[in-house]
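A.B. asks: The structure follows.
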Amino acid sequence: RRAVRGAGGGAAPPALRADGSLPQALVDDTEDVSLDFGSEEELALRKARIRHPLATFFHLFFRVSAIVTYLFCDWFSNSFVACFVTILLLLSFDFWSVKNVTGRLLVGLRWWNQIDEDGKSHWVFEAKRVPTIAASTEAEARIFWLGLIICPVIWTLFFFSTLFSLKLKWLALVIAGISLQTANLYGYIHCKLGGQKTISRVTSRLFGTADVPKRQSRRISEDDTEEHGKTCTR
């Protein structure tokens, strides 16, 4: 359509309807259209109950297998040494997988120990901030924390049952199970509650050590300028 120009040469304002409203075409042209890129992908990820099925499976497999083997090992083998070694290996695999793999994938937490140049041991508890698409689902987090809390409680019950029934040959194995699984629980609770504080402290330390050579270079340059000024005045 041609625009009707008035006396001043400008375009005439659009004609209003009988009820005083603008035409529908102009209203549609002025509306804001929100483009939602990737909404289908985010919706599919939110609907997925288990995004890391392999990590979820092995988070429960080793620790449940250790408990089941402890309860029913007498049915399969009469050798105490074979049962002891099998359960200890399952507990070790569980400790490694939960500490290094499943905690990072299922809840975005990680903890470890590092030794500095002076030989001092430092514990680091990290809580990672991940975007919405890469975040773990609620089902995975619930499975992670339930398995992390319930299994040490079961091993504690085994400790008292072993102690009261005077099965002292199993006492060392039960204490090993409590120690390994309580260590993971303790580490991840620290990650959940105080991981960000530790990260900020480590970051400030790194930036502080990075500023040391700059400060030294500034001091050297200032000393050189002062000496140069003294020689010039002489």
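We number each residue from 1, going along the chain as drawn.
Yeah, the Cβs are placed from backbone N, Cα and C, and that goes for glycine too.
These came from TrEMBL, pasted as-is:
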| type | residues | note |
| --- | --- | --- |
| TRANSMEM | 54-72 | transmembrane segment |
| TRANSMEM | 78-96 | transmembrane segment |
| TRANSMEM | 143-164 | transmembrane segment |
| TRANSMEM | 170-189 | transmembrane segment |
| REGION | 213-234 | region 'Disordered' |
| COMPBIAS | 219-234 | compositional bias 'Basic and acidic residues' |
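Help me picture these features in the structure, burial and contacts included.
C.D. replies: For the transmembrane segment (54-72), the list of distant contacts is 83, 86-87, 90-91, 93-94, 97-98, 101-102, 105-106, 140, 143-144, 147, 151, 154-155, 158, 170, 173, 177, 181: same-chain residues at least six beyond its ends, Cβ to Cβ under 8 Å.
Listed as Cβ neighbours of the transmembrane segment (78-96) (distance under 8 Å, sequence separation of 6 or more from its ends, same chain) are residues 62-63, 65-66, 69-70, 169, 173, 176-177, 180-181, 183-184.
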A.B. asks: In the same chain, who gets a Cβ under 8 Å from the transmembrane segment (143-164) while lying at least 6 residues past its ends?
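C.D. replies: For the transmembrane segment (143-164), the list is 56, 59-60, 63-64, 67, 70, 98, 102-103, 106-107, 170-171, 174-175, 177-178, 181-182, 184-185, 188.
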